[in-house]
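Participant: So Swiss-Prot says this about it:
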type: REGION; residues: 1-23; note: region 'Disordered'
type: BINDING; residues: HIS30, ASP41, ALA42, GLY43, GLY44, LEU45, ASN46, ARG99, TYR132, THR156, ARG176; note: 1D-myo-inositol 3-phosphate binding site
type: BINDING; residues: GLN36, PRO37, GLY44, ARG250, LYS255, GLU338, GLU346; note: UDP-N-acetyl-alpha-D-glucosamine binding site
type: BINDING; residues: TYR325, ARG326, ALA328, THR352; note: Mg(2+) binding site
Amino acid sequence: MRLIRSGAAQVRGEAERRGRPSRVAMLSMHTSPMEQPGTGDAGGLNVYVVELSRQLAALGVEVEVFTRAVSSKLPTSAELLPGVTVRHVDAGPFEEIHREDLPAWLCAFTAALLRAEAGHEPGWFDVIHSHYWLSGQVGLAVAQRWGIPLVHTSHTLAKIKNGALAVGDRPEPPGRLLGEQEVIGGATRLLASTPDEYRHLIDLYDAASDRVDVVAPGVDLEVFRPGDMAQSRARVGVDPADDLLLFVGRIQPLKAPDLLLRAAAELLRRDPARRSRLTVAVVGGPSGSGLEQPDALVKLAAYLGISDRVRFQPPAPQQELVHWYRAATAVVVPSHSESFGLVALEAQACGTPVVAAAVGGLRTAVADGVSGLLVSGRTPAVYADALDRLLRQPRWRARLSAGAVAWAGGFGWSATAHGVLRSYRHALSPTAVAV
């Protein structure tokens, strides 16, 4: 049963008659779209929220993104983009809180969100779109209070992560498993990024297949596009003659940057003459259970005897990151699991082949043998084999580069927004199941 605030039912009916929402409340409790991807809890989810909101606004849908305030100096609201407002919600101390500790502040976030919305006219929002299970928990409560549908994107699934844990990584706690199950069971519509995730939601979480929409994330094809490799190498300080192997992302066990370092060491063991022309770059910052990882990676590089061939760079904004992609000979994505893998898509859009783990969404993001290589197995040797093939065959690499641009070209954010908007329309349908 819905608890519908006075006036909300009439406005909801208007949205149903229009067949599309006018305003969407986007929930991203644990990480702000204004944060720099690649550090802390900021990553692909942040990019997703920003770019989806941008495209929805371009389609005439107003978006308000609600996120937890981590500083008293943050404004209550800020315009992120035309038609997109970020609301900083007071819930818990004004500081970063480990994601594992955030469930304690769900009630406070929910209450603050309800207070913030009370300043609007009744029925202001037509749809709630929650991101990650924490926001989904808030979304369930708020959707019932407002009498509007909840659309949920998981981004990652605890059961999948726990089934592919890295050494030194912590399993997702029982509280998340239970909370995630509740959100998946209670949302009006679910968005899956890939056919794999669609099957996981149905097979592992008992989601009804007719409530799940498959909509792939996108890439900003205006920013991430081919460019002059020599110019980009000069900008990031890489020798024009080097083979550059690039890792981009949060430094945490799940992303497995250590596997790239071990594979590079294996390449040099097999061919010591390659040493003078091989560079490995790791662009990103620590996150979650990987807080000790940067120091550990530095020590690992020293242990492997490749410190002189490895560069550690802080997270870079898109305008700088694009030059790293263009400068790279190959981008390596050796993750234990990925719901999609936006880094792989961004790299390919720049014309750089990707060598990625054959897991999860990477099997959708990378076309094996067309835009890059998918690697089965998690040993340094199998990654070294794939990288060696790529480095020794420049003509084949050039074909992969062309294939990468063509493949990524099919993943624009505009297509993502239209797919999400279709899901919103389904959620607004009079036949949609109530939260």
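Start at 1 and count along the chain as shown; that gives each residue its number.
Every residue, even glycine, has its Cβ placed from backbone N, Cα and C.
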Participant: So which one is it: of the binding-site residues ASN46, THR352, which has the fewest other Cβ atoms within 10 Å?
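Facilitator: Ranked by other Cβ atoms within 10 Å, the binding-site residues ASN46, THR352 bottom out at ASN46.
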Participant: Could you tell me which three-state DSSP class THR352 (Mg(2+) binding site) falls into?
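Facilitator: Reduced to three states, the DSSP call for THR352 (Mg(2+) binding site) is coil.
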Participant: What three-state class does DSSP give ARG250 (UDP-N-acetyl-alpha-D-glucosamine binding site)?
Facilitator: coil
Participant: Near the Mg(2+) site, what residues other than TYR325, ARG326, ALA328, THR352 in the same chain have a C-beta no further than 8 Å from the centroid of the listed C-beta atoms?
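Facilitator: Neighbours found: MET229, SER232, LEU246, VAL322, HIS323, TRP324, ALA327, VAL331, ALA347, CYS350, GLY351.
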Participant: In angstrom units, rounded to an integer, how far apart are the Cα atoms of GLU346 (UDP-N-acetyl-alpha-D-glucosamine binding site) and TYR325 (Mg(2+) binding site)?
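Facilitator: One finds 8 Å between the Cα atoms of these residues.
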Participant: List the same-chain residues at least 6 positions away in sequence whose Cβ sits under 8 Å from the Cβ of TYR325 (Mg(2+) binding site), in sequence order, or say none.
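Facilitator: Set apart from TYR325 (Mg(2+) binding site) by at least 6 residues yet with Cβ under 8 Å, we have PHE224, SER232, LEU246, VAL248, VAL331, GLU346, ALA347, CYS350, THR352.
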Participant: Here are some binding-site residues: HIS30, ARG176, ARG250, LYS255. Which one has the most Cβ atoms within 10 Å of its Cβ?
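Facilitator: Of the binding-site residues HIS30, ARG176, ARG250, LYS255, the highest Cβ count within 10 Å belongs to LYS255.
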Participant: Going by C-alpha positions, which of the binding-site residues (ARG250, ALA328, GLU338) is nearest ARG176 (1D-myo-inositol 3-phosphate binding site)?
Facilitator: GLU338
Participant: Around the C-beta of GLY44 (1D-myo-inositol 3-phosphate binding site), how many further C-beta atoms are within 10 angstroms, looking at every protein chain?
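Facilitator: Step by step: centre on the Cβ of GLY44 (1D-myo-inositol 3-phosphate binding site), count other Cβ atoms within 10 Å, giving 24.
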Participant: Measuring CA to CA, name the entry from the binding-site residues HIS30, GLY44, ASN46, ARG326, ALA328 that ends up nearest LYS255 (UDP-N-acetyl-alpha-D-glucosamine binding site).
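Facilitator: Result for LYS255 (UDP-N-acetyl-alpha-D-glucosamine binding site): the nearest of the binding-site residues is GLY44.
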Participant: CA-CA, which of the binding-site residues ARG250, ARG326, ALA328, GLU338 lies nearest TYR132 (1D-myo-inositol 3-phosphate binding site)?
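Facilitator: Nearest by Cα distance to TYR132 (1D-myo-inositol 3-phosphate binding site): GLU338.
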Participant: Run through the Cβ atoms and count how many others sit within 10 Å of the one on GLU338 (UDP-N-acetyl-alpha-D-glucosamine binding site).
Facilitator: 29
